[in-house]
Every structure is written in structure tokens, then in C-alpha cells.
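Listed features, source Swiss-Prot:
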type	residues	note
TOPO_DOM	2-17	topological domain 'Extracellular'
TRANSMEM	18-33	transmembrane segment
TOPO_DOM	34-58	topological domain 'Cytoplasmic'
BINDING	Cys57, His469, Cys477, Cys479	Zn(2+) 1 binding site
TOPO_DOM	59-434	topological domain 'Extracellular'
DISULFID	Cys92-Cys236	disulfide bond
CARBOHYD	Asn95	N-linked glycosylation site
CARBOHYD	Asn188	N-linked glycosylation site
DISULFID	Cys281-Cys294	disulfide bond
DISULFID	Cys303-Cys312	disulfide bond
DISULFID	Cys366-Cys387	disulfide bond
CARBOHYD	Asn367	N-linked glycosylation site
CARBOHYD	Asn375	N-linked glycosylation site
CARBOHYD	Asn392	N-linked glycosylation site
CARBOHYD	Asn397	N-linked glycosylation site
TRANSMEM	435-455	transmembrane segment
TOPO_DOM	456-495	topological domain 'Cytoplasmic'
BINDING	His457, His459, Cys465, His495	Zn(2+) 2 binding site
Amino acid sequence: MGQFISFMQEIPIFLQEALNIALVAVSLICIVKGLVNLYRCGLFQLMVFLVLAGRSCSEETFKIGMHTKFQEVSLSLSALLTNQSHELPMLCLANKTHLYLKSGRSSFKINIDSVTVLTRSEVNLTSINLTRSIDVFVHSPKLGSCFESDEEWVVAWWIEAIGHRWDQDPGLLCRNKTKTEGKLIQINISRADGNVHYGWRLKNGLDHIYRGREEPCFEGEQCLIKIQPEDWPTDCKADHTNTFRFLSRSQKSIAVGRTLKAFFSWSLTDPLGNEAPGGYCLEKWMLVASELKCFGNTAIAKCNQNHDSEFCDMLRLFDYNKNAIKTLNEETKTRVNVLSHTINALISDNLLMKNKIRELMSVPYCNYTRFWYVNHTLSGQHSLPRCWMIRNNSYLNSSEFRNEWILESDFLISEMLGKEYSERQGRTPITLVDICFWSTVFFTSTLFLHLIGFPTHEHIRGEGCPLPHRLNSMGGCRCGKYLPLKKPTIWHRRH
């Protein structure tokens, strides 16, 4: 008796669902069969194409789908290379022979030739206070007798970066800074006799941080490196890639792997570095060009799942070093070493090595400064930014990786539909069956429109759709965007 009473109580619910199904059926038959079928036949699309096609030839009019656009984002690393004391060093190679080093307000020129300027004297640092007019023979990174305090640390850092080991390798000659001839340090890298292994090691270090330099010394001949202060050339521009090579060369330890141990909490920051809740905004930190959107916790969640994305590497790099850069000019040079170790642990990994191999093999690679993503204009959702590859020192044209951003658009739409499906299933799990059923009815009722219909646009046979451009008989764009290709054209119904 109790079960029967429960069944009778549920009858109004069943009747209500049946009534809803009847209303949906009437709506599909009366409205969808009249208006949607006309839309699906292609007549309206053809009229719109003939009226609007060729009106604009700008790149901004290209769309992947109905609501997805191809966009890009560029990063600037100028915050890492500011003109302050104890900043990250900058390196420059001019005319493949002139080597330069700059950090803060100090800059140096590195000459490599066979001319001997300094000679060794039987005086060490302990007696330099008594004899300040002779050259100094040093075995440690303490170069206070050779350079000023703001120059000493960067010169010692550079010497260590090219492969010199203070506790094992031969000492260096430097001119006493009290002499009027000027500051100078001399390193013997002659690849002869007992100095051959030391010379080869320093040569390889120079080749690593100064890519493309010409070797002025030959096997068995005398070869000396001379470092002296000199103004920074005007034709040398800041290049973060050279700084990355320098930091990776001078690292003391290498992280074998890199994974996120916990979910990162990101926050908005203003130009002064003050935090505000709501996500992580690169634009407010002046690392992304203006008028671009902020990437919030959605992008960071994707970075926690995908560990091989160059864009995620850049986010981690900025997060790890934001506080270190802020205190870089206020603390001692030990802070710079900590910063270099942190950066090296992030960039000296398999991903950077893979990109460097691609560069050497003339294969497109990533330089971590420009990224592209697919943005859904209605919902505001976007895909995880991906690196814009480089070949022969120039960015690839967007048409060269067209398939990638089209697939990225498909993945974004699929992700949005899957999320919407999960939300609807959680809200109305019973009605979901009805929606699927009537979706099948809708599909079967409009299937015949695929057999008869109007073409919607014209494009080159076998090529991609040129929307919103209109083609002429020679396969070129009527507005002059593309040159005539002398290829046959064909009318299509859908893009």
C-alpha cells in the first residue's frame, strides 16, 4: 500500500515531463523546421557573403570559427635587464670579433689576441699594500686590487662563467688599479704544452656565451684574454637570450626535473608591485603589451597539468624571480647568485635544450617572448598560450602553423562543451536524456538539407577558406590582399 501511494504521488511529475516533451516537439516542428531549415540550406549565408566579402582585408577579420579568433601575446624581459647596480649581466658580440660585457653602470670590452701586456711579478695580494705600482697575480675571485667594488663581482662572475676554477686553474694577472694606465686583467688561454686543456675549456666557454664569434687564436700559439673597462657600444642592444646563456653557463647546480609541488596562488599586481586579489595579470606587471587580457587561475590550472609548455615556463620564471628582482638593487651580490641559481633551475632543463637543438638544426624553436592563443569572444575563455616559433631569427607566419591553431580552436570548443555538459548534467540529469533525444530528432529532420542547398562562399580548390575575402577567376583576392595564384576556384557550402 505504501509503494502504491508513493507511485501515485509521482504521477504529476511524470505528467509534467511529458508536457514539456510535447512543448519541445511542437517548437521543433513549427519553428525549427521553418526557420532553421532555411538557414541550413545556405541561402542567407550566400547573400551575406556576396554583400560583405572583400570589404576588409585586415588580418583582424580572420576567424577560425563563429566565435574564435587567432590572437597573440608578446612578452618583454626588460624588467630583468634594467640599468641598475647589481643587475643581470648583458653580453654583446659586435662584428663577430668584439666581445662586450655590461652589468649595472659598468661595461667591459674583452680582447683576445697574442699581445702580452702584463707580466708576472713575485708579489701576491698580501704585500700589495707595500708595492702598489706592480701587477698583481691573483688566485681568488677577490679582485679588489684590480677593480672597484661595483666592477669586481661582475668580472669574477664572467671569469667563472667561461670555465675558470679558482682553486684548480692557473692564476690570473691584473694591473693594479692605482696605476695610471687603466684597469686590466689578463688570462692565458694558449692551447699549448701543459695549458692545452685549460685553454680548450675557456674557449668552449666563450663559444657558449658568445655564439657565432670568430676564433682569433690557433693551436700551439700564444693566446691571451684581456678584460678592461670601456663604454658600451651604441649598436649593442639588450638581448635576454645571451643573458640566459650566461646564467646557464655560470650555474653551480642543475635541477634534473621540474614539477609543480603544489597549486600556485597568483594575484594581480599594479606597476609598483602591490598585490591585489583576482588572478595573475602580466599586463599590470608591465611584461605584456598593453590592451591584452590577464591570464587568471584557469591558465595556471592548465599549467599544473601541462608541464612542457613554454608559456608556463615563463609564468614560473616571473613568479620565482619577482621578489628577487625587487630586492636585487638593495642587497649584496649574494642575492644575485641566488637569483642566478633560481633562474638556472628553471631554464636549464630539457625544454631549453630541445629548443637549442632545434636552433642549431634550423628547425623552428621557441625564444620565450611571443605566444599565441585562441580566444572565444562570447564567453571570454581562451586556450593555454603556446609559443610562437622562430626560424632563421624571424617569427613564423601564422599560415605556417595554421593546422595547430585550428586544432587548438577545436580543443577549446570541445573543452567548453564538455564543461557545459557536466554542469547541465549536475543541474538537470533527467532532462539531459530528453535533450539528447530531441537533438537526434532535430538532426534527422534536417538531414535532407545537406543534399539540397546553396553554396555559401568561394575559395581555391584544395586550399583553405579565404573568408572574408572574395576571389576572382585567377584565384586572387579582389581587394588585393593576395596575388593571383592562377588556380581554379570552387563554391562551397560551409567553411
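Cβ from N, Cα, C; glycine included.
Where Swiss-Prot records a feature, it is marked here on the structure.
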residue: Cys92; record: disulfide bond; Cβ contacts under 8 Å, 6 or more apart: Leu99, Tyr100, Leu101, Lys102, Trp232, Pro233, Cys236, Lys237, Asp239, Asn242
residue: Asn95; record: N-linked glycosylation site; Cβ contacts under 8 Å, 6 or more apart: none
residue: Asn188; record: N-linked glycosylation site; Cβ contacts under 8 Å, 6 or more apart: Pro170, Asn195, Gly199, Gln222, Cys223, Leu224
residue: Asn397; record: N-linked glycosylation site; Cβ contacts under 8 Å, 6 or more apart: none
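In the three-state DSSP assignment, the secondary structure recorded for Cys312 (disulfide bond) is helix. Around Cys312 (disulfide bond), taking its Cβ as the centre, 21 other Cβ atoms fall within 10 Å, counting all chains. When the disulfide-bonded residues Cys236, Cys366, Cys387 are compared by the number of other CB atoms within 10 angstroms of each CB, Cys236 has the fewest. When the recorded positions Cys312, Cys366, Asn367, Cys387, Asn392 are ranked by how far their Cα is from the Cα of Asn375 (N-linked glycosylation site), Cys387 comes first. For the glycosylation sites Asn375, Asn392, the greatest number of Cβ atoms within 10 Å around a candidate Cβ is found at Asn375.
For Asn367 (N-linked glycosylation site), the count of additional Cβ atoms within 10 Å of its Cβ stands at 19 [all protein chains shown].
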